[in-house]
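Quick look at what TrEMBL lists:
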type	residues	note
DOMAIN	3-404	domain 'Enolpyruvate transferase'
BINDING	Lys18, Asn19	phosphoenolpyruvate binding site
BINDING	Arg91, Asp303, Leu325	UDP-N-acetyl-alpha-D-glucosamine binding site
ACT_SITE	Asp115	active site, proton donor
Amino acid sequence: MVRPSGPLFGSVNIKGAKNSVLKLMAATLLAEGTHHLHNVPDITDVKIVAELLRRCGVSVSFAGEGHVIIEVPPTEKIVPRASLELVSKIRASVVVMGPLLARCNWVELAQPGGDDFGSRPIDYHIEGFSALGATFSERDGYLFGRTEGLTGSRVVLEFPSHTATDNILMAAVLAEGRTVIENAAREPEVIDLASMLISMGADIRGAGTSRIEVQGVPKLSPADHWVIPDRVEAASFLAAVAVAGGEVFLRGAREDHMEMLLRKVASVGVHIETTPQGILAKSEGKLKAVDVSTLPYPGVATDYQPLIVTMLSVADGTSVVSENLFSGRFRYVEELRKMGADIFTDGHHVVIRGTPRLKGARVQASDIRAGVALVVAALVADGETEISGVRHIDRGYERIEERLRALGADIERRSAQDLTGCADVG
Ligand SMILES: CC(=O)N[C@H]1[C@@H](OP(=O)(O)OP(=O)(O)OC[C@H]2O[C@@H](n3ccc(=O)[nH]c3=O)[C@H](O)[C@@H]2O)O[C@H](CO)[C@@H](O)[C@@H]1O
Ligand SMILES: C=C(OP(=O)(O)O)C(=O)O
């Protein structure tokens, strides 16, 4: 439940990146022993990957304050299977494939289906593993991968897929010989994964560029690694300040990870100051229209798109936002319309005619960023907004309502029983 709150003030600690930590947890499978991860956010997706690792025979314990201890057994004690129950909860579970194939020479994974915003195939992952010498078969909705031992090869990605790059990288570090990944994803989270793998003894060059070279090593050692800050979480708080106005310090947020977004947000009318400790965002809540296209990193990420559209819904003028990664990522637009946004979609474009205020409504979060975008919209919506499907937000945001409330937002979490008329309350 959100009511308009006026400007936001204060400081918020940006937590560890969801899209990094899930891969780092999977990467621990590559080395026997005790791994330590720090700055791990307390979010549902982390709990699901922890459960997935446990079912593979790994021990995962949460030691408090973002410290997670992962104990990986010898190869013969690892069970390289990921069940439908877990894979269907979190698509990112596909990233256990690379490490399990590399470590155990086989893997069994429930086929990840579509997602909250459309079809998300894994053909690039499979093509990459096949180039390294794995073979695959399918039965009863499960994928079976086998290899006599992975061998380095040249992998050319048709598109710089983020998790395909992570997955192939993790498979390649223990493969025999040299692997080159061409048209690799360049996201900061790929660099974070490569840094952790290098600290474990992997030989990787070029992470963060389109060409990653890996020289396989026979064995890796356990990791002790700090997760990078979550740039999408930082952008979410930034969007909240942009629409509500105020001055908020995003402690830990890294300007070098979100340069293109910061440029766009500045052109919308938000004043940004960067310091080594984080990013200061100031806004009078008076925003200007701007056109935006989503692209792989270093372009403006698709994960920011619902937040950008929400900001532009209350900006002065008409904007066009083009979504170039996921065709189905506009489901929340209908919910923004219920809140009075003057907005329509045309193929992979959304046209937004800004209005000064929105109005409270009963709306439904369809995915993680859509959910948080509706929370942001509700900060400038007259009356009360009831957002259901909050479980999507909890996938990647730690106690979002408490942290927004600490900045002055009027927001509370109610249980399903407290809310009326909602079929699906997260
Ligand atoms: C856990 C995680 O890190 N999730 C992020 C990751 O998802 P994810 O890694 O799944 O997204 P990809 O970068 O793979 O997807 C990019 C595009 O490639 C297509 N594709 C991808 C793989 C494949 O085998 N075949 C194929 O056709 C996808 O359908 C999509 O159109 O990057 C996305 C794009 O920045 C982000 O929105 C997600 O938050
Ligand atoms: C789409 C996202 O995540 P996932 O790929 O895990 O669904 C996201 O983080 O915005």
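Any Cβ shown, glycine's included, is placed from N, Cα and C.
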Alpha-carbon distance [Asn19 (phosphoenolpyruvate binding site); Asp303 (UDP-N-acetyl-alpha-D-glucosamine binding site)] in Å: 11
For UDP-N-acetyl-alpha-D-glucosamine: widest Cα to Cα gap among Arg91, Asp303, Leu325 in Å: 16
All-chain count of other Cβ atoms within 10 Å of Asn19 (phosphoenolpyruvate binding site): 24
Rounded mean pLDDT for the residues that make up the domain 'Enolpyruvate transferase' (3-404): 96
Between Asn19 (phosphoenolpyruvate binding site) and Arg91 (UDP-N-acetyl-alpha-D-glucosamine binding site): CA-CA distance (Å): 11
Count of other CB atoms lying within 10 Å of the CB belonging to Leu325 (UDP-N-acetyl-alpha-D-glucosamine binding site): 18
Sequence-ordered binding-site residues from Lys18, Asn19, Asp303, Leu325 with Cβ under 6 Å of an atom of ligand 1: Asn19, Asp303, Leu325
DSSP three-state assignment (helix, strand or coil) for Asp303 (UDP-N-acetyl-alpha-D-glucosamine binding site): helix
Lys18 (phosphoenolpyruvate binding site) to Leu325 (UDP-N-acetyl-alpha-D-glucosamine binding site) - Cα separation in whole Å: 19
Alpha-carbon spacing, Asn19 (phosphoenolpyruvate binding site) to Leu325 (UDP-N-acetyl-alpha-D-glucosamine binding site), which is rounded to whole Å: 16
DSSP state at Leu325 (UDP-N-acetyl-alpha-D-glucosamine binding site), helix/strand/coil: coil
